[in-house]
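Enquirer: The structure follows.
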Amino acid sequence: MKNNYKSLVIVGSQWGDEGKGKITDYFSQKADVVVRFAGGDNAGHMIEFNNKRHKVTIIPSGVFNPKVKNIIGNGTVINLKSLVNEIKRLNESNISTDNVFVSDRAHLIFDWHALIDQLQEENRKENKIGTTKRGIGPTYADKAARYGIRICDFQNPNFKEILKENLDYHNQIITKVYNHEPLDFDVIYNESMTNYQFIKNNIIDSGYEVSNLINENKFVLFEGAQGVLLDIDHGTYPFVTSSNCSANNASIGTGIHNKQINKVLGIVKAYNTRVGSGAMVSEIKTELAHKLRERGREYGLNTGRPRRIGWLDLVALKYAIRVGGIDQLFLTLFDVLDTETKIKICTHYKLDGKIIDWFPASDYELKRCEPVYEELDGWNQDITKVTSFEELPINAQKYIKRIEEIVKVPFLGFSVGSDRKQTILIKGEFDD
């Protein structure tokens, strides 16, 4: 596996859960650095190798390679309690976290953020977003409103007063808007200081560090969270996450300039899934959805919620490619379709009787869209042991080629199982 450039951004091209962690782990075997640039511990990544499965939520997926420096960038939001627990859990599995570093500019998730997240979701009644209730949205809201507290604020001699003022403000919302009991300051302060002491020696200026490494010709992987269709600006609003998930945010969420980004790889599942509310044009409403869900183990890593299942939506994928800046694609969970004799791909939408090939902005419009399908022959045989594109059944090869023809972007590779070894490059190297 050759690498002809200094940096690669890996993003999800659907509604998350595409297998970004597995592909990041695969490429991290040749990387010097892996950076998480957005999201929080709401994004669970599952990595499998040597017959063991490992889950990470906020720590970059490169942590399983001891030679890789792993950086949690300034664009993330960090729950220190979750981070410390994740570090301890990895250490208990004999995985070193000495190579994990945290940006001093990252914003912090506190107990009040998670509580407000929960109370807001309950207040929405039938219009729920489907949030994980981990405080991600309220933390990003505080960041924009300039109420946020960053990791570097721990060094301020007035940190205790800053924290108290912040909690007092949020307790007003908790008690007067939601009629809930206030949170206790001493508990939050003591816990925060304990967790800060645990990670303080691993706090860095992520932008300074990553920029220097790129200038030294080190290979840097940028690991995205969620997917482009959950992007706060370009996703299916309001049923989105609270951060920017596209490659455009990799530089902002790390602290470098966008000219230091070379390539963008979009991870695309062989079918569509979605957690929570919001339109999903190609959703399967038959028993087939349950069958594919079980074959693909399509349940949330953090919440256990069953994911909604749909045929691959190429209208949405073309949109994600455009706004996500995607140069190449990587197909995952390809083997889940092994048992299907007929496979559909959504090539267009029908909106109010008109055929369209563009992705509507509003959930109201998307819910009125009907899928226009093209049906392909399946391969109906096990592909989990193939080691090259040429070993795939002809119809599986045709599936990949047909997607490429429609979206006009090539596949770099595909995955036929959960193990690291079941990851196959089509061309054997990264394209220039």
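Every residue gets a Cβ built from N, Cα and C, even glycine.
Taken from Swiss-Prot, the feature GTP binding site covers 16-22, 44-46, Arg307, 333-335, 415-417, and the record attributes it to sequence analysis. Taken from Swiss-Prot, the feature Mg(2+) binding site covers Asp17, Gly44, and the record attributes it to sequence analysis. Annotation source Swiss-Prot lists IMP binding site at Asp17, Glu18, Gly19, Lys20, Asn42, Ala43, Gly44, His45, Thr132, Arg146, Gln226, Thr241, Arg305, citing sequence analysis. Annotated active site, proton acceptor per Swiss-Prot: Asp17, in sequence order. Positions annotated as active site, proton donor by Swiss-Prot, on the basis of sequence analysis: His45. Per Swiss-Prot, substrate binding site is recorded for Leu301, Asn302, Thr303, Gly304, Arg305, Pro306, Arg307, and the stated evidence type is sequence analysis.
Please situate the listed features within the shown structure.
Expert: In the three-state DSSP classification, Met46 (GTP binding site) falls within a strand. With a 10 A radius on its CB, Met46 (GTP binding site) counts 17 other CB atoms from all the protein chains.
Around Asp17 (Mg(2+) binding site), the same-chain residues at least 6 positions away in sequence with a Cβ under 8 Å from its Cβ are Gly227, Lys269, Thr273, Val275, Glu298, Gly300, Arg307.
Annotation note: Asp17 (Mg(2+) binding site) sits in a coil segment as assigned by DSSP.
In the three-state DSSP classification, Arg307 (substrate binding site) falls within coil.
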Enquirer: Please determine which of the binding-site residues listed here (Asn42, Thr132, Gln226, Thr303) has the lowest count of neighbouring CB atoms within 10 Å.
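Expert: Per-residue Cβ counts within 10 Å for the binding-site residues Asn42, Thr132, Gln226, Thr303 bottom out at Thr303.
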Enquirer: Counting every protein chain present, what is the number of Cβ atoms, excluding its own, within 10 Å of the Cβ of Pro306 (substrate binding site)?
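Expert: Total other Cβ atoms inside 10 Å, all chains included: 15.
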Enquirer: Quick one: of Lys22, Arg307, which of the binding-site residues has the smallest count of other CB atoms within 10 A?
Expert: Arg307
Enquirer: For the binding-site residues listed here (Gly16, Phe334), which one has the lowest count of neighbouring CB atoms within 10 Å of its own CB?
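Expert: Selected from the binding-site residues Gly16, Phe334 on minimum Cβ neighbours within 10 Å: Phe334.
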Enquirer: Name the one residue among Gly16, Gly19, Met46, Pro306, Val416 whose Cα is closest in three-dimensional space to that of Gln226 (IMP binding site); these are the binding-site residues.
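Expert: Comparing Cα positions, the closest of these binding-site residues turns out to be Gly16.
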